[in-house]
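Reviewing the structure listed below.
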Amino acid sequence: MTPATKATALLVANGAVIATNTILARGAAEAGVAPLLYAFASACGAALALGAFRATRGPVSIPSPVARYGALAGLLSVAVPQALIYSASAYVSAGIASLAYAFPTPLTFALAALVGVERATPGRAAGIGIAFAGAVMLAVSRTTGLSGDALWVGLAMLAPVSIACGNIYRQRFWPPGAQPLDLAFAMSAGGALWLLLALVPAGGLALPSPIGAGYLALAALVATGGNVIYFELQRTGGIVSFSQIGYVGAVLGLLGGVVLLGERYAALTWIAAGVIAAGVAISEVMKRREA
């Protein structure tokens, strides 16, 4: 398998993880699981599973650079965006919440060029712009509008800033010699600890129903495998390609909703999905041509 083919496969796999997690999160919410508890259980379960697997390969020893990396990556990429989006979701429209997941890609692209992590090229910029336009169309087509309290809209829009900063941090400060498995464990553990700090004051650790607990277990399982391929894609494809997993996840989530949940969508939704897919494809093709 060529590096380009591997990167594409990992991009699709990460998108599938996001789509699966979206479906599980919806089921968990219907079962009465608080969103922050769902996020914590996902990160904590992944950390425990990855730590146990790591232990089968020898004593678990996390160097201090990896621990620091995990703490900051967990804060920027897991805890802050999830806490902001989940907290704001009660005060803003679903369209605003959806856009919070669309902005990280153009922000990551701009920041990567600014700090010299990756080179900006016209072709990639065009592809990312097309995909972003599709994401905006998708958000509008599936909601009643883009509205909400100005303060909470502002807080929700801080989430993609945190995600983009986390993307750049993880790429630029990848500890020398560190493997994706170790970094996945460190970030999961770091994210879980930060989310726990948010949950305890809010009294959000109430035990879920058996059905809710089942969703939490599935979320932890998905996060365990997802976090490993998460870092493998970052290492293989670069951080800008990595940042497009949200776009791929949105398209695959639509397909999953139709196949698994029997959902039906308007024509504009499918047009938006096509625009997203075209934008991602253009971005990846131009990356190879302009390299």
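Even glycines carry a Cβ here, placed using N, Cα and C.
Within the model, the domain 'EamA' (9-138) carries an average pLDDT of 85. Per TrEMBL, the feature domain 'EamA' maps to 9-138 (among others).
Residues in the domain 'EamA' (151-282) partition by DSSP class (helix H, G, I; strand E, B; coil) as 111 helix, 0 strand, 21 coil. Taken from TrEMBL, the feature domain 'EamA' applies to 151-282 (among others).
Under the heading transmembrane segment, TrEMBL lists 35-54 (among others).
Away from its own ends, the transmembrane segment (66-85) comes close to residues 35-36, 39, 43, 97, 100-101, 155-156, 158-160, 162-163, 165-167, 169-170, 173-175, 178, 182-183, 185-195, 198 of its chain (Cβ-Cβ under 8 Å, at least six residues beyond either end). If you look up TrEMBL, you'll see 66-85 (among others) marked as transmembrane segment.
Under the heading transmembrane segment, TrEMBL lists 91-114 (among others).
Here TrEMBL flags 126-144 (among others) as transmembrane segment.
The list of residues near the transmembrane segment (150-169) in space but at least 6 beyond its ends in sequence, with Cβ under 8 angstroms from a Cβ of it, reads 72-73, 75-77, 80-81, 84-85, 87-89, 91-92, 96-97, 99-104, 107-108, 111-112, 115, 117, 239, 242-243. According to TrEMBL, the feature transmembrane segment maps to 150-169 (among others).
TrEMBL lists 181-207 (among others) with the feature transmembrane segment.
What TrEMBL records for 213-233 (among others) is transmembrane segment.
Taken from TrEMBL, the feature transmembrane segment applies to 245-261 (among others).
The transmembrane segment annotation in TrEMBL covers 267-286 (among others).
The stretch from 213-233, 245-261, 267-286 that makes the most Cβ contacts under 8 Å with the transmembrane segment (126-144) is 267-286. The transmembrane segment (213-233) is not in contact with the transmembrane segment (267-286), judged by fewer than 3 CB-CB distances under 8 Å for residue pairs 6 or more apart in sequence. Residues in the domain 'EamA' (9-138) partition by DSSP class (helix H, G, I; strand E, B; coil) as 104 helix, 1 strand, 25 coil. Sequence-remote contacts of a segment are chain residues at least 6 beyond its ends whose Cβ falls under 8 Å from one of its Cβ atoms, and for the transmembrane segment (181-207) they are 34, 36-37, 39-40, 43-44, 46-47, 50-51, 53-54, 62, 66-67, 69-75, 77-80, 82-83, 170, 174-175, 213, 223, 227-228, 230-231. Remote same-chain residues near the transmembrane segment (35-54) are listed as 21, 25, 28-29, 60, 74, 78, 82-83, 86, 89, 181-182, 184-185, 188-189, 191-192, 195-196, 198-199, 202, 204-206, 208, 215-217, 219-224, 226-228 (criterion: CB distance under 8 Å, separation of at least six residues from the stretch ends).
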